[in-house]
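K.L.:
Below is one structure. I have some questions about it.
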Amino acid sequence: MSDIITLAIESSCDETAASVLKNGREVLSNIISTQIETHKKFGGVVPEVASRKHVENIDIVVQEALDKANIGFNDIDHIAVTYGPGLVGALLVGLSYAKALAYTLNIPLVGVNHIEGHLSANYIEHKDLKPPFITLIVSGGHTHLVEVKDYGKYEILGKTRDDASGEAFDKISRAMNLGYPGGPIIDNLAKNGNKHAIEFPRAYLEEDSYDFSFSGLKSSVLNYLNGKRMKNEEIVVEDVAASFQEAVVEVLSTKALKAVKDKGYNIITLSGGVASNSGLRAKITELAKDNGITVKYPPLILCTDNAAMIGCAGYYNFINGKTHDMSLNAVPNLKINQ
């Protein structure tokens, strides 16, 4: 069987990315143009600005991915592209480019769910990994606990009922005037703080639920900060960061490992931007070790948005006959099992 070459495109939020893969798991190139510096002054991603930046960057990024992989357009077997969830304008830039290219080259177009892309990042790093297993997907827009039954076959066990975990990090960072994105900033501060200094609440919800909730925790931290400011008392940002982070990662880890044990698996994977959080990696690894469970996660470059993960997911869709025609449209609220 000859090698299958995938060109993948990702533009769901504020990264313009393109990647070339061989047989789904071998990354030949992975180019990412980030807009963090552009959006930092706004304290978050501005959708219109993000879309314009994608338009400026996408052709350059795709060409660089092809050049680095040392392949031409005629070597590509199919194109994988994110079509949701995400910012609709941003999604349309990547999707329109991919559709035009697939049409011109007369090769298959494969639409990829961004969340499915995140969990697929682990296939790239861990060559021996295959379904079934449990995965925890945690990012600025998503917090999902998913049973991966097979390639492309999933059951959502739990998800956030309000804020995503990464969204909570950004909001607390903004409340302390620390900057954007909040996740890495709080993670770094937490390393020098006392995680037991402030007892913030943990929301475990119903006993049999795998769902998450971070709005109560967020409100508790905001109330703590406001109370300190009203009394003109010192706020030790390192302790706030460490205590807040501990409250988040404790719930994420506990629920994830409960799902692994309840379902009878011995492997859990992490993915998404928050999977790069050192506190989460340490906590879930510690709890997993005590229960004989193996934890796998991608390198940092594959945790945040990238096209390699989209290409991996797209490859498995492609070999399973899941392709799309030119009517494929952006779906900003796409669910993982749609």
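Heads up, the Cβ atoms here are built off N, Cα and C, so glycines get one too.
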K.L.:
His114, His118 bind Fe cation in Swiss-Prot, but which of Asp305, Asp325 does that record place at the same site?
P.N.:
Asp305
K.L.:
To which of Asp128, Asp150, Asp170 does Swiss-Prot also attribute binding of substrate at the site defined by Ile137, Val138, Ser139, Gly140, Gly141, Gly183, Asp187, Asn277?
P.N.:
Asp170
K.L.:
Over the residue list Ile137, Val138, Ser139, Gly140, Gly141, Asp170, Gly183, Asp187, Asn277, recorded for substrate, what is the maximum interresidue Cα distance in Å?
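P.N.:
Max Cα-Cα spread across the substrate binders: 18 Å.
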K.L.:
Using C-alpha atoms only, work out the spacing between His118 (Fe cation binding site) and Ile137 (substrate binding site) and round it to an integer in Å.
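P.N.:
With distance taken Cα to Cα, Ile137 (substrate binding site) is 7 Å from His118 (Fe cation binding site).
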K.L.:
Looking only at His114, His118, which of these binding-site residues has the biggest number of Cβ atoms within 10 Å around its Cβ?
P.N.:
His118
K.L.:
In which DSSP state, out of helix, strand and coil, do we find Ile137 (substrate binding site)?
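P.N.:
It is in a strand.
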